[in-house]
Amino acid sequence: MTLLLIEQLLNGLQLGVMLFLMAAGLTLVFGVMGLINLAHGSLYMVGAFAAAWVAAQTGSYLLALVASLAAAAAAGVLIETLILRRLYARDHLDQVLATFALILIFSEGTRAVFGSFPLYLTIPPPLSGPVTLPGGIEYPLFRLVLIGAGLAVALGLWLLITRTRVGIRIQAGAADREMVSALGVDISRLYTLVFALGAALAGLSGALVGTLQSVEVGMGEPVLITAFVVIVIGGIGSVQGALVGAILVGLTQTLGAFLLPLASTRLTGAPDAGQVLASMLIYILMALVLIVRPQGLMGRPA
Amino acid sequence: MTTKSILTALALSVAATGAALADAHSNGAKIGMISTLSGGGAGLGVDVRDGFLLAIEQSGRDDIEVIVEDDQRKPDVAVRLADRMIQSDEVDILTGIIFSNLAMAVVPSAVQQGKFYLSPNAGPSALAGRGCHENYFNVAWQNDNVHEAAGAHANALGYENTFVMAPNYPAGIDAINGYKRTFEGEPAQEVLTKLGQTDYASEIAQIRASGADSVFFFLPGGMGIAFLKQYADSGVDIPLVGPAFSFDQTIVGAVGEAALGVPNTAQWSPDLDNEANVAFVAAFREKYGRIPSMYASQGFDTANLILSALDKAPVSEAEAFRAALREADFASTRGDFRFNTNHHPIQDYYVREVVEKDGELINQITGTALTDHADAYAAECEM
């Protein structure tokens, strides 16, 4: 039981760091540009498809990951300059409508290019199979790699935002965009850069998760919903908040789905009640956070 | 305004008369196909459609019109499309729905409005028993059947306690019931997963800890791809058994080598040796450049069933047309095929295994799981 619990904790952590890659871009784009981007899940899908295609062509998983970053960033720059730029001044409803349209365009465009059937993308042999952890837990190596990669990206992002000039500008842009552009910063280039960064992270996360799961049209939308829950919990616009929120959601979801059915079987003799509760748990968590801290765990009060 | 309305009414009635006259001359038909053609799960709908249209094309008939629409896997969209097809397109026959929850939303109201509905895939238990209808025919299977075949095969392999897993929705419940109906051992543990879930780390950990001697899983589409890849990578070596839905041609390429060697049950396989099937597989490959899936064979059979009935009676003579459908006088790709009293198939179920052949992954029959098998709900059906 203890070993099983530790394994589930690792699973929750792994889910959490992958959610963080999605949520980081979403929260940056919202925090800096005030844009609600529903098409963020499409960028995740673009990354996964690019990775699957490149892996099939070259046989190299590393190149596939590079391709996922590049393709998603390129798609991000494209939609930011062509479409989203016109929406910053509009209200959120217009943004939601336009980016929802983008989801449909991306989905059907991907189907037109790659067909209706899921693509093959699998774990590269050196990273496949389980390893034995101290304590005798057998755990898939690739999931450990995901945890490591996710935490490394989180560290890199933190360094970028707090230790570099670009990062300071991003922070400043989030705090007061008029003042930043009055100080001579090319705000539209900054926006494109932030959007490309967020898109690349989503694409990378799509490729990594797609390796473990499946690469298919529509894979981005369920993740998008969870990513929105994450940024609401963490505080909109806060990258640290996204990390805390993502790991909290990852652990809550995994442990809830594992423990609640067991608990309800013990109490009522059937797992049903626990299963129902488990599927609502992250939303209950979100509601509780909103009651106690409406601006999110790390968000600044409005 | 009034004049315009009257003119419209006139035009409509002329059109209606024209259609009626045309019907009187030949056994043509207007068929509405509602299927999942976009989003996740589109591969299934695309294959049903392509198989269906292949049969219509082969018939060479130009008096059959097929209207194809995409339900996006959403029940509300499917209902809207069905209403439109019935009320303004005035179709005679509806078909095409892939997912059971959508079928439950569309079929009962369509058949009550006097339309025929032929299911090329979804076979929810609710429509096979007390909820059956004389105008509803299922040309695929009742949902439980494929899983009953898996249970029977688990007995044959000598499994005694199986870890049972399916998503929490009508077809998932049917799957678990079906497996347990034929399985003679004890389920070690039953787990209902979330529909659309793609991370199975938690369930795999439970499988590892369960001490089961086998795992039965029903996870169609992307869910199955994800589970099989993760299971193969987890190092857990408890043998798997499952229905064909996670091993079918639409996804086997994405699952890759993780699918090899797992027994899966189905009513059809590309290597099934009968004249109709050999011709179908060749024609499908020729036209679409890919190996047909089980779904494609079901679409193809559905269209051929309709064609066989139209040869005997026009849809307008509902009584005679229904009787003609019930005879199932067509060359099925599955070989023997007949309808039970509740208009669901009585047919054989096979055990298949994915093998690599000429550089492609494809299913091959390794044995028969159930012969002349009927569903468990027929007795409750009163027509």
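Using N, Cα and C of the backbone, Cβ positions are placed for all residues, glycine too.
Taken from TrEMBL as is:
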- A:12-31: transmembrane segment (TRANSMEM)
- A:38-56: transmembrane segment (TRANSMEM)
- A:62-84: transmembrane segment (TRANSMEM)
- A:96-121: transmembrane segment (TRANSMEM)
- A:141-161: transmembrane segment (TRANSMEM)
- A:190-212: transmembrane segment (TRANSMEM)
- A:218-236: transmembrane segment (TRANSMEM)
- A:243-263: transmembrane segment (TRANSMEM)
- A:275-292: transmembrane segment (TRANSMEM)
Contact call for the transmembrane segment (A:141-161) and the transmembrane segment (A:12-31): at least 3 Cβ pairs under 8 Å, seq gap 6+:
yes
Could you tell me what the rest of the chain brings near the transmembrane segment (A:62-84), counting residues at least six beyond its ends with Cβ under 8 Å?
35, 37, 39, 42-44, 46-55, 95, 98-99, 102, 106, 121, 191-192, 195-200, 202-204, 206-208
Cβ pairs under 8 Å between the transmembrane segment (A:243-263) and the transmembrane segment (A:96-121), at least three:
no
Going along the chain, which residues at least six beyond the ends of the transmembrane segment (A:190-212) come within the CB cut-off of under 8 Å?
18, 21-22, 24-26, 28-29, 32-33, 37, 40-41, 43-48, 50-52, 61, 64-65, 67-73, 75-77, 80-81, 84-85, 88, 121-123, 142-143, 146, 149, 153, 157, 166, 169-170, 173, 180, 219-220, 223
